[in-house]
Amino acid sequence: LPSFVDWRSKGAVNSIKNQKQCGSCWAFSAVAAVESINKIRTGQLISLSEQELVDCDTASHGCNGGWMNNAFQYIITNGGIDTQQNYPYSAVQGSCKPYRLRVVSINGFQRVTRNNESALQSAVASQPVSVTVEAAGAPFQHYSSGIFTGPCGTAQNHGVVIVGYGTQSGKNYWIVRNSWGQNWGNQGYIWMERNVASSAGLCGIAQLPSYPTKA
């Protein structure tokens, strides 16, 4: 595997978005992963609709939370997902618009072996990967720069996306895309320590990784 991967430098990652006061991190994580694999497969980087997932994915709970795999399944079953432009974000759950376009589709989704950071690294080398982390603690919330080493627990309360990895001064890290706007963290991103002692990964990052597949 390459020692350094950053999908942003390959133009495969959209600019940072902001979920605002809505518990829709799951939709932002899923959409970002889909945007990236679509760019990798087709060469087109299109901003897609988190709001469609919030309004239309009945397996999830809108602004009260959800899971990325349910979001991927919605996109598969629906035959695609609309663009951000056609179905813009409002940060509140509304009724599902019947006239929505199927602009980008996926074939399926794959779970990465749980609690295994080397399997996770292998997956991220091929495309950005959706993961869950515990983000409720003050140290995570107040992160600004450098490699975050905790402390944090492993409750799966926030969905984010790993868009790369590397090593700095002997410390391995993940490049993690958040959905709290560009003013949070390091321009919307957090570098999280990688290959920690716990198999769950820092803040539980290796507990539930998955990614969308596209032929």
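Note that Cβ sites are derived from N, Cα and C of the backbone, with glycine treated the same way.
The active site feature in Swiss-Prot is assigned to Cys25 (among others); the stated evidence is sequence analysis. Residues within less than 8 Å, Cβ to Cβ, of Cys25 (active site) and separated from it by at least 6 positions along the same chain comprise Gln19, Gly65, His158, Gly159, Val160, Ser179.
What Swiss-Prot lists as active site is His158 (among others).
The active site feature in Swiss-Prot is assigned to Asn178 (among others); the stated evidence is sequence analysis. Of all Cβ atoms in the protein chains displayed, 28 besides its own lie within 10 Å of the Cβ of Asn178 (active site).
Sequence-distant neighbours of Cys63 (disulfide bond): residues of the same chain at least 6 apart with a C-beta under 8 Å from its C-beta are Cys22, Gly23, Ser24, Val54, Ala91, Val92, Gln93. According to Swiss-Prot, the disulfide bond annotation covers Cys22-Cys63 (among others), on the basis of experimental evidence.
Sequence annotations record features per position, and here Swiss-Prot assigns disulfide bond to Cys56-Cys96 (among others) based on experimental evidence. Cys96 (disulfide bond) falls within neither a helix nor a strand when secondary structure is assigned with DSSP, and so counts as coil. Sequence-distant contacts of Cys96 (disulfide bond), defined by Cβ-Cβ distance under 8 angstroms and a gap of at least six in the same chain, are Glu52, Asp55, Cys56.
Look at Cys152 (disulfide bond): DSSP puts it in coil. The annotation disulfide bond is assigned in Swiss-Prot to Cys152-Cys203 (among others).
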Look at the disulfide-bonded residues Cys22, Cys56, Cys152, Cys203 and tell me which residue has the greatest number of other C-beta atoms within 10 angstroms of its C-beta.
Cys203
Cys22 (disulfide bond) falls, by DSSP collapsed to helix, strand or coil, into coil
Count of other CB atoms lying within 10 Å of the CB belonging to His158 (active site):
22
